[in-house]
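Visitor: Not my notes, these are from Swiss-Prot:
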- 14-94: domain 'KRAB' (DOMAIN)
- 68-88: region 'Disordered' (REGION)
- 239-261: zinc finger (ZN_FING)
- 267-289: zinc finger (ZN_FING)
- 295-317: zinc finger (ZN_FING)
- 323-345: zinc finger (ZN_FING)
- 351-373: zinc finger (ZN_FING)
- 407-429: zinc finger (ZN_FING)
- 435-457: zinc finger (ZN_FING)
- 463-485: zinc finger (ZN_FING)
- 491-513: zinc finger (ZN_FING)
- 519-541: zinc finger (ZN_FING)
- 547-569: zinc finger (ZN_FING)
- 575-597: zinc finger (ZN_FING)
Amino acid sequence: MAAALRAPTQQVFVAFEDVAIYFSQEEWELLDEMQRLLYRDVMLENFAVMASLGCWCGAVDEGTPSAESVSVEELSQGRTPKADTSTDKSHPCEICTPVLRDILQMIELHASPCGQKLYLGGASRDFWMSSNLHQLQKLDNGEKLFKVDGDQASFMMNCRFHVSGKPFTFGEVGRDFSATSGLLQHQVTPTIERPHSRIRHLRVPTGRKPLKYTESRKSFREKSVFIQHQRADSGERPYKCSECGKSFSQSSGFLRHRKAHGRTRTHECSECGKSFSRKTHLTQHQRVHTGERPYDCSECGKSFRQVSVLIQHQRVHTGERPYECSECGKSFSHSTNLYRHRSAHTSTRPYECSECGKSFSHSTNLFRHWRVHTGVRPYECSECGKAFSCNIYLIHHQRFHTGERPYVCSECGKSFGQKSVLIQHQRVHTGERPYECSECGKVFSQSSGLFRHRRAHTKTKPYECSECEKSFSCKTDLIRHQTVHTGERPYECSVCGKSFIRKTHLIRHQTVHTNERPYECDECGKSYSQSSALLQHRRVHTGERPYECRECGKSFTRKNHLIQHKTVHTGERPYECSECGKSFSQSSGLLRHRRVHVQ
């Protein structure tokens, strides 16, 4: 992994209080029995991990004993834990132990044939954890999830934790980490049953898994995890926060989030004054100011502030896309991308703008949209001062100054500043047109093309000219039209000086000087400078007249001929002479008339 993870670093001590989660009485009532048991196990695991790293909060005393065997029963009964003497000279401190004791007193411990004990092993500090005996019965053969220790119904987890200075190793995976956060956030390889990122989700790859989910063909040992996975595939988020509107698929995530509203933020950044409820969050935030990026990618050398972001980045190199859509089979490297994609199938847009009524499938999109109304553009270019509403727009813009084009087409070598533009370009080579109109079946290579095309069916023309009130279905068409009023012709021919409203018109004109006519008719051999001209010419041979007037049924080979013809029925005369006020139905008529005044 990253060099920063392999290099020996100074140990940073974290107290158990920093990772403990508290519930109020009201919140506790919302949890079912399985969730309470799960909460207890997680707290015990976190406590054991803290202890396995040496002193539980960093206090070291050479005269104190080591925490070799701590009984949860003793903690829950308010007694000081017993400890055997060891050369490690670490001790349970006065901070961590009371925190765990308070938590255990809150939990309703269910009577069972097995005793509830937590052990911290000898020199290798094996991680021993208590559990319910019925969990053991779920495994019929192979290596068990927990190992029974004599008469005590305590079980050993199938992984080892070593003291700081030695690598943390998963026996099944064989992957080493020199930082606790790296271990806790490690995405376990497919040899482990569930590839989740926290220790409490680890499972040995043997034994029966009775609950099967037909959508993704995955199986689970616990029904609660099975239900949670179903929500992940369906996109269901039934738990909604009444404070901010954020929704969650799991009650545990919802409860953690609710505590964030009422949590005291005691850890303040000395640089900007921003405060955090946890010291670990403050440490991560401070890297924004220091510029520290301790996690390096071994493939490309790119560095990151958080190990979780590094793990996500590495999927770029491995090509791993573990999150698959059950509707269309499309897969994604991040779960957030899959969640966004699902809205394309459901077409749900729950986030509506109170100003204009426009709706969005994600709250972040609504937040960005608000800046259209407020005019806030917080991201400014240091080169030219141009400001943007989104950081990604600024990044794309800065490439105009640097000339950076990191995305290269493997077919023709053409490079682009944005990955999305490269993807669109590659469809020129593949011929892919993935966006199909449900009305007429016409296909497009870009979603924007389909979106504009749909307006032809709905007759929607949202872009109106402020000069003549003529409306258009596309903004680009409106911009082009406005040059009729302004007289602006920004595209000038370098050979003859003739100027044009559109760049495409200039390109077509330049073929007059070069005499280039690459498009030849295979019927009569006549050649043209433009492909569109050849297409129109072929209709002479085929007799095709695709543009028909709905009023009289007359048909035409060109669309502009049909538009001109329609003025016969409407009586419209949009072209007016500025000299005498005479109007015409066609621009050519106005041009001929102007010669009268010139003469």
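Along the chain as shown, residues are numbered 1 onward.
Cβ coordinates come from backbone N, Cα and C, glycine included.
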Visitor: Suppose you look only at the zinc finger (323-345); what would the mean pLDDT be?
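Guide: Result for the zinc finger (323-345): average pLDDT 76.
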Visitor: For the zinc finger (295-317), which stretch among 239-261, 323-345, 519-541 has the most Cβ pairs under 8 A?
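Guide: That would be 323-345.
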Visitor: Go through the chain and flag residues at least 6 beyond the ends of the zinc finger (519-541) whose CB is under 8 A from any CB in it; none is fine as an answer.
Guide: 508, 511-512, 557-558
Visitor: Summarise the zinc finger (519-541) by DSSP state, stating how many residues are helix, strand and coil.
Guide: 11 helix, 4 strand, 8 coil
